[in-house]
């Protein structure tokens, strides 16, 4: 799997993401600066990592979404290329029009930084084939604006089309207000576009891929992408 990690001013999770990709795929990802106008030839996966691009001024991800490299990312996605946005990367994908909705301030107006449980809603997508449907995984979050919101029609469409891939839940898989850490509509933690090749999620799977971290639940996302691309080759 040949991956490319986008680097914007203020991003601070690009090295975490690059390490996870390298450990799981066995290949060193390319680091692509925001001012670039093209992606490396042969790229299979583009990742927008977490952090605080441009200091989160205006709106989280709003300035990064207008960076030169994003035209190449939109074209890549339009051609069916796989795109993953994590945390600030999710915000960037929403601001760039690659995903619907927006990420608002957490309901309790506080920064959240701890492990959470997610329920995997489907296992038949490139981003979830490393898991079983209904499986509960544990991954970290670190955000102040992770409260996913969209109009009622968009939420209805996301649910009806099976485009919610990850949902906040309890350790046993229960979904509800008690386990909804940030107030996100329908406890949404991660969604895909209509075509299913662009995923945005607030939690950080890249931080749970090694035994030394005490949990490897995030590894399945990356292993699933590798398996999907190998099968498609």
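All residue numbers here begin at 1 and follow the chain in the order shown.
Keep in mind that glycine also has a Cβ here, set from the backbone N, Cα and C atoms.
Annotated active site, nucleophile per Swiss-Prot: 87, in sequence order, evidence recorded as sequence analysis. Positions annotated as active site by Swiss-Prot, on the basis of sequence analysis: 204, 206. Look at Swiss-Prot and you will find 3-233 tagged as domain 'Glutamine amidotransferase type-1', backed by sequence analysis.
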Item to check | Between residue 204 (active site) and the residue listed as 'active site, nucleophile': CA-CA distance (Å) | outcome: 7
Checklist entry - Mean pLDDT over the domain 'Glutamine amidotransferase type-1' (3-233): what is the value? => result 98
Item to check | Same-chain residues at least 6 apart in sequence whose Cβ lies under 8 Å from residue 204 (active site) | outcome: 13, 16, 50, 86, 87, 139, 140, 141, 142, 218
Checklist outcome for this item: The number of other Cβ atoms within 10 Å of the Cβ of the residue listed as 'active site, nucleophile', counted over all protein chains shown, is 29
